[in-house]
Amino acid sequence: MTQTSQLDQLVSACHWIGERGWAPATGGNMSVRQDAEFCLLSESGKDKGSLTRDDFIQVEIASNRVPSGRKPSAETGLHTLIYRLFPEAGAVLHTHTVNSTVLSRVEKGTALELQGYEMQKTLAGQHSHLDCVPIALFDNDQDIDGLAKRIEQFAAQNPLRYGFLLRGHGLTCWGKDVNEARRHLEGLEFLFQCELQRRVLESK
Ligand SMILES: CSCCC(=O)C(=O)COP(=O)(O)O
Ligand SMILES: [Zn+2]
């Protein structure tokens, strides 16, 4: 698959995210890897549901340097961290859904554990509802460099797969390409909705 079509697929994924209300009021950000050195990141402050190819800005993965001088996402440091940690990651999607925002506050621990759901198999390498899939959960922070450091330290000691939740903020997930990142997003979002409803019903 060519880089051009990956960017086109990312633009389509952004529209799909917007249609579902998963990036309200300029929330969310999205990116695609160009090569080992560079990625293309959504411009800060735009409505992510109506982005075009021109709204993606080249960023150097190692340094967060922006050759054009334009302003990519405020959360650029989280995207570039993922591309540094996982050389196989080809696309990153960050959304602000109600389910991920609420569930990440209700869960007080450092991971949201998903178990017992057939839809866990939407995540690459998962083959059974019997396995426990932990989705790492970090306290939100306006200091993105500090947050990226905390996530990097966590990843040095623990497996970090599919995505992570930021408490009261949303989900950041990735895949080997746009298609896989989109499947992970849709699968995780479905699982979060199930888990939220299960907790509500079982607390009665
Ligand atoms: C308006 S939501 C606050 C910022 C945020 O969390 C986000 O995802 C969007 O920031 P960006 O700079 O990528 O537009
Ligand atoms: Zn955000």
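Every residue gets a Cβ built from N, Cα and C, even glycine.
Quantities reported herein were computed from a predicted structural model and do not represent experimental measurements.
What TrEMBL records for 8-196 is domain 'Class II aldolase/adducin N-terminal'.
Feature annotation from TrEMBL assigns Zn(2+) binding site to H94, H96. In the shown protein chains, 21 other C-beta atoms lie within 10 A of the C-beta of H96 (Zn(2+) binding site).
On its own chain, H94 (Zn(2+) binding site) has G28, N29, M30, S73, E75, L78, H79, G170, L171, T172, C173 as residues at least 6 apart in sequence with a Cβ closer than 8 Å to its own Cβ. DSSP assigns H94 (Zn(2+) binding site) to a strand in the three-state reduction.
The predicted model assigns the domain 'Class II aldolase/adducin N-terminal' (8-196) a mean pLDDT of 98.
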